[in-house]
Structure formats: structure tokens, C-alpha cells
Amino acid sequence: LSVKCSSVSGISGVDETHVFISSGENVSLPCNNALPDCNSTTWNYNRFRDSAAVELIALGIKKKDTESHERLSLGSDCSLNINNITTEDYGSYICQQWTGVNRNQKLGSDARVYLHVLHVSSSQTEISAGLSVTLFCQLYSYPRGSCGDLIRSEGIQLFWVNQTGVKLTRSDSRYQISSSSDYCIITLNTTLLNEDDNREWRCEVTQRDQVKTSVTYTVKSSGEKTSHQSVC
């Protein structure tokens, strides 16, 4: 199997932005309250609602004591650039501006970015006709509630579609589609046929009926181990 990811997409509010990305991609998180001089910019990160904030950028300088520091950089517009996104990168990112003689006065309100990471994995590492395969598609999101709460508040949904873009449903006898009520996970199970070689299935995340990002799996029935190739 090979995986192909889509481009990033975001939805912005006054001080809040939602960014959707597929694992393996690079992303730039906007700082909507940035001043011309990034020396006043600080970026903090929370993966969980009750976890302590981790300082990633302090007054324009990257912190070297974080797990992800080698993948981080500060853009010329004070955006936070993250390379090779993983499922560990989802969460809440907060951009702040600190001014004053000692840079101890916070200017204005926080600019918060919620990073949602889409990831697909397979139950099989060996692919051949006649085998049953299950594809797991999960949206990793900052836990402000259950997946149901996220769907209701932000209009977010997950779908599997075929290579012509037709949504796969539970009424299709060839595929078993199931979803989790607690987490944003949708699975596709099917038995592979000879004609499935090079067939594509795509997991899409939509917000209010607009596709935000997707991951495509392509069947390679060669008997070799699954290869994951990110093409963005």
C-alpha cells in the first residue's frame, strides 16, 4: 500500500484557527496577532486540555529542550513551521506577543491554532488477493470533548471514498464501514480481489461539507511489505 496526502487547509476565526493536515506533511501555523518584529513572539503548545503548556518559541528564539525542536522553525511572518507532522503533533498552539522593556507585558489577546492531524494505518503489512484488510482512519484533535461534540460544534466528519470520489457507505455489500462514537475513527474492511491492484481508497475529513485534508491508500498486491510514500 502507498499513502498519498493532501494539502493543508484551515478555517480562521477572530483569534482562533483550525488547521487540518495529514501525517507526514509540513505545515505552517499562522500567528494572527504578530507584530512586525518576531522578537516579541512566543509560541506555546498543549496536547491535552489539562496538561501544562510547553514553550516552543520564546521571544522569537526556538527552545532546544523540546521533543520536536528539530522539526520547528519560525517563519518571517512569525508563523510556526512544523516539518514531517506526526500524530503526536495534534493539539492547541498559542501565539502571544510580549512587549515592554523586559518583554514581560503581554500585548492583546492570544492567537490560538487548533492542529488536527489525519492518519491512516492498515491491519496488514502483506497485501495479496483473497486477504481481508482493514484500514483505520483517525483524526487526532485537541480534546475539547468527544468526537460527537467536535462534529456538532465544528461540523467535522470523516468519510471513505473510492477512486472516483464516491462515498462508501454501509449499504455497499463489499465494504464494511464502521465508526467510533467516542473517537474520530472510521474503518474500512474488505477482502481484496485480483482487480484491486492499484485501486485507491481515500479517507477525507470535511468541515461543513468542505474537504479539508485527505489520505489516499493505493493497493499494491505484490506480496511485498506495505510501503508508505507521502506525496503532497
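Cβ coordinates are placed from backbone N, Cα and C, and glycine is handled just like the others.
Listed in TrEMBL:
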type   : residues : note
DOMAIN : 6-96     : domain 'Ig-like'
DOMAIN : 111-216  : domain 'Ig-like'
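For the domain 'Ig-like' (6-96), residue counts in helix, strand and coil come to 6 helix, 39 strand, 46 coil, using DSSP.
In terms of DSSP secondary structure, the domain 'Ig-like' (111-216) contains 11 helix, 56 strand, 39 coil.
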